[in-house]
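Swiss-Prot lists Glu107 with the feature active site. Marked as Mg(2+) binding site by Swiss-Prot on the basis of sequence analysis: Asp11, Asp106. Look at Swiss-Prot and you will find 1-188 tagged as domain 'UmuC'. According to Swiss-Prot, the site 'Substrate discrimination' annotation covers Tyr16, on the basis of sequence analysis.
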Amino acid sequence: MDTSRKIIHIDMDAFYASVEQRDHPEFRGKPLIIGGDPNKRGVVATCSYEARKFGVHSAMPTRQAAKLCPNGIFIHGNMAHYVEVSNQIREIFSRYTDIIEPLSLDEAYLDVTENKKGMKSATMVAREIQQTIYRELGLTASAGVSFNKFIAKIASDFKKPAGITVVAPEEAEAFLEQIPVTKFYGVGKVTAEKLHRLGIETGADLKKWSEWDLIRELHKHGYQLYRHVRGRSNNIVNPHRDRKSVGKETTFEFNVLDNRILEQSLMKFAKKVEERLIKLQKHGKTVVLKLRYSDFTTITKRLTLNEYTNDANQIYQAAALLLRESYKGQDSIRLIGLTVTNLKPVYFENLRLEGL
């Protein structure tokens, strides 16, 4: 395990909402929700910390957010402006390193092992970046510092907002043992439920399981979790990363014959894919359905749409059509997956902050 790298994960605090509160004094100190009209179908893109106190969070339907926070201020937001501010933040990063891997407009990995300013301490680099962002842009950021990307990302969420958490190599396993497994990369709702049934709630619980037992119960997720809880993860920051597809799949606990269950899974996946595409500021044109039967035979079917989309309903309709054409109930399904490919950046004026 290479522990020589110095990696920072910078995550802007409530980015869109913070930009709006900075630019509009009337929003400051108030529950601000980016996501459009709560009387229409939509999802929360992000919200201010004042709104989060009421239980509002990103990807929540705006109608639900309005019930939780009836005095909330709902706005559509200005994506072109957020992109502009994101570029200003990226310029600050580039003063320290060219090895920058953006994950979205509001977060990125930085490898500062050999930074431009010759600073020996990654912690000092992270703190200086935070201070510079606040001084020049009036925004706060949280930072995680460690020797690999997985730990740095978890650490950045540890002391929000405006916090910094440093995890040295010798502290990594103890740090990860205290973390809820729901914070681990790749642990979504389905995997979290499986872990809960197995009595695995924290990294410490996870660490008690052998690699083989985790793989048996969780398949590839088990292998990843076994490595992650021991601090073994990818530590290469890739400045040329460009997401080619966005997808979601699940392996059922029991093989499935019921089309309704398969369609329900596709709808959940479509919503997750929409959320991720919006965060990446991309939309796609090709929908791919993946099915794995009980005998482990795997098929993939694809449909190219007439236009690009990041709309969950359009994605679901395409996937459901592929399912109806491909699956006639002839054998039980072990795994189902949905992916959107053929991606390109969204033009600002067409970006959907509203979802379903």
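We count from 1, first residue shown onward.
Cβ atoms are placed via backbone N, Cα and C, with glycine included.
Cβ-based neighbour count (10 Å, all protein chains) for Tyr16 (site 'Substrate discrimination') stands at 26. Around the residue listed as 'active site', the same-chain residues six or more apart in sequence whose CB sits under 8 Å from its CB are His9, Ile10, Asp11, Met12, Ser156, listed in sequence order. With a 10 A radius on its CB, Asp11 (Mg(2+) binding site) counts 21 other CB atoms from all the protein chains. When secondary structure is read from DSSP and collapsed to three states, Asp106 (Mg(2+) binding site) falls in the coil class.
Cα to Cα, Tyr16 (site 'Substrate discrimination') and Asp106 (Mg(2+) binding site) are separated by 9 Å. DSSP assigns Asp11 (Mg(2+) binding site) to a strand segment in the three-state reduction.
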